[in-house]
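Trainee: Below you'll find the structure I mean.
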Amino acid sequence: LCSAVRHRRWPHLERMPNADSLGWAPTAPPPCAFAGHDPEQEIDLKPESSEEATHRWTVTLGILGIAATMVSGELLKRRGIFRIPEAVIGLLVGVAAGGLSEMFESQTMAEDESFDDEFFMVWLLPPIIFAAGYNMNVPAFFDNLGPTMLLAFGGTVLSAAVVGACVYLAGQLGLAYRLSLLASFFFGSLISATDPVTVLAIFKVIGVRDDIFAVIFGESVLNDAVAIVLARTILSFNTPDADISLLTCLQAATVFCSIFIGSMLIGSLGGTLSALLFKGLGLARVDDKVPLEAALCFAFPWSCYYAAEALELSGIVAILFCGIAMATYARPNLSPHARTLTTELFETLAAIAEAFVFNYLGMAFFTFPILSGGQQSPAGGTVWRLALVTMLACFVGRLHAFLLLPLTNALRMRSARRTARELVAAAESDAQHRATSYLEAAQRSLLSTAHAFVVWFSGLRGGVAFAIAAAAYGDHAFSQCGDEGEPRPCDPAVEISPDLAILQATLLIAVFTIVFFGGAIKDVSLACDVLAKPAAEAAEEASSTSSGGLAATAAPGKGLPRTRSMRARWLHINERYIMPQLTVDGAGGGRAGGRLGDAELPSRCTSNCGLLAAQGHAGWATEMVPTKAREGGALCSTLPADAGAGGEGSPAPGGACARGSDGHPPKEHALAIASRLLESDDDSGRDASRGGRRSLGGSDDGLSVEHQRV
């Protein structure tokens, strides 16, 4: 740079007669030499330019890899090929990208493609976790909260203990790589983090039962957070003067609980504050404020994440519960367009992050010393036996599903019998019938052994486990070899350090479970009969239980006495005190509770409008008239008898929600409901609705924006 300044900017100085007296002669240092630079050591711009170009090509390759993964996965889904999940495509694309860096022997490309655990934890995992909480089917999640919490907390701790003990014993017996006791349980905690992204994607396509989907989904989301906090707690003992005793273990358990509860409170507080902000600003009533609503939705989750991390808590737990709280209380305060935009935007970010995670895992085969041969070849080889022993231990540790799910079944039936006794004690005319229906519905909601097998089979390992292992490897958490009593530094020329052995085994197990378990999950689901029932059969069951079954308990006070269960008390407090304070109409919205969201109208309407009214969804056809939506059963009785004409199946009494051949309510029926709801408030609305009904065969130009949305 100094040479360029001297010869280009001041070339006339070389010809000046008094240049020597000025000190700027050609033989003298250029002006910038006074800043402490040596003009003789001129900077060679060529290598920098080459490295920068390589970096840009690596970024381009990564972006194209994400696109290739998503396109290939979509094409496979369209052709019904589930044995090659999108995650496997992502792994193969990542391996190909890593192979290019190996082929060209480009150190710059290898460094850019290397797995960065901090990048994963800050930029990839939070969008996935928040989207999981924000787009969660919250009612189904809380309906199955018991088994979900048992699997996520009790199951993860049991699995970590079993895997850690098996790995330690195998090492002591000489069957696998020898890890210390602390390293073994650290390995057990991180490898217990399940990552069933592949499984859930297939579940959505083939249509699995809502309760099975909710349990596996909730367990995987909470399980990641639990595993991260558990691994961090175990690492706190990794000091030379650490004293492992019963007292210190109890202290670690206390720290674990405080971290989780504190992070949960921060996330819930952030979601609650967002609800109050949206309610106070009233942006849903102002036109053209959708971008502002979406931007504010981004502010709260990441603020909670960094606030929790700053307090040395878990940002992942905080952002998860922020998503759940925002889905329950903040999303109902958004305008309809903002709800749709934020839902789709968060899902898009999560899909991109998930695809990149699998690409990242594929690249790790070449950017980390995993396999023998290549630039990153491990000196001591690959710990195949440790990976095999750990995988078998994971299978054993995952058996807790067969222990914990029957326990939740017993607790459910106990609660159901208590509610049935309270129904009979109410001494109403149909109390006995309602109690019997309630017990039958509770019996049908139990999870069988086949369901437990699907839960066991869905415990894939993935990015979270590898990120924890990569962080430990980068920090040299377990870099000592030798006996526990006499540790010594590992010789990298001939030995594999314990943290590298954990990293290798984690990646091998993750790839194996994604490829083989993810590819076989559809066949297992079909064999275990966990698919959702056809619409007609489900509607018939729902109709039979709406008067006295589980549907009647959706809202306390609607058909059942308020029970002493924690769930019933929480529902009562939430509906009566919290919802009116945090939401605009006090009824919630979307899947978070209350009225259904736009995307759920066709799929959730059954042939019995009375069931919808009992569940608090009588106003499913419109969200513009919340007062009408809460009037309940009068809606169905006021519909014209021909509202569902043209659809198959008999309508319910009073013109119930008829279904077409595809199981969805005809468009004619939706417009009829809109007309009935709006005619008492707006004559023009009735005219627009009728005009829209006349144009069913063509376009919807005769409808207002609100009627088109209905």
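Cβ atoms here come from the backbone N, Cα and C positions, even for glycine.
TrEMBL entries are annotated by machine, without manual review.
Copied straight from TrEMBL:
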type	residues	note
TRANSMEM	80-100	transmembrane segment
DOMAIN	80-522	domain 'Cation/H+ exchanger transmembrane'
TRANSMEM	120-138	transmembrane segment
TRANSMEM	150-170	transmembrane segment
TRANSMEM	182-203	transmembrane segment
TRANSMEM	252-278	transmembrane segment
TRANSMEM	314-330	transmembrane segment
TRANSMEM	351-371	transmembrane segment
TRANSMEM	383-408	transmembrane segment
TRANSMEM	453-473	transmembrane segment
TRANSMEM	501-521	transmembrane segment
REGION	542-561	region 'Disordered'
COMPBIAS	542-557	compositional bias 'Low complexity'
REGION	643-710	region 'Disordered'
COMPBIAS	661-670	compositional bias 'Basic and acidic residues'
Trainee: Between the transmembrane segment (314-330) and the transmembrane segment (252-278), do 3 or more CB pairs sit under 8 angstroms, pairs being 6 or more residues apart?
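Mentor: Contact criterion met.
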Trainee: I'd like to know if the transmembrane segment (120-138) touches the transmembrane segment (150-170) in this structure, counting it as a touch only when three or more C-beta pairs sit under 8 Å and are separated by 6 or more positions.
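Mentor: These two segments do not touch.
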Trainee: Looking only at the recorded stretches 120-138, 182-203, 383-408, which one has the largest tally of CB-CB distances under 8 Å to the transmembrane segment (80-100)?
Mentor: 182-203
Trainee: With CB pairs under 8 Å as the measure, which of the listed stretches 120-138, 182-203, 351-371, 453-473, 501-521 comes out on top against the transmembrane segment (383-408)?
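Mentor: Of the candidates 120-138, 182-203, 351-371, 453-473, 501-521, 501-521 scores highest.
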Trainee: The transmembrane segment (501-521): which same-chain residues, six or more beyond its ends, come within Cβ distance under 8 Å?
Mentor: 82-85, 87-88, 91, 177, 179, 183, 186-187, 190-191, 195, 198-199, 202-203, 358, 361, 364-365, 368-370, 378, 382-384, 386-387, 390-391, 394, 457-463, 465-466, 469-470, 472-473, 478
Trainee: Counting CB pairs under 8 Å, which listed stretch among 120-138, 182-203, 351-371, 453-473 touches the transmembrane segment (314-330) the most?
Mentor: 120-138
Trainee: Which one, 120-138, 182-203, 351-371, has the most C-beta pairs under 8 Å toward the transmembrane segment (453-473)?
Mentor: 182-203
Trainee: Residue list, the transmembrane segment (182-203) vs rest of chain: Cβ under 8 Å, 6 or more residues beyond ends.
Mentor: 82, 85-88, 128, 156, 159-165, 167-168, 171, 212-213, 216-217, 219-220, 223-224, 227-228, 230-231, 234-235, 237-238, 244, 354, 390, 393-394, 397, 458-465, 468-469, 472, 477-478, 498-499, 502, 505-506, 509-510, 514, 517-518, 521-522, 525
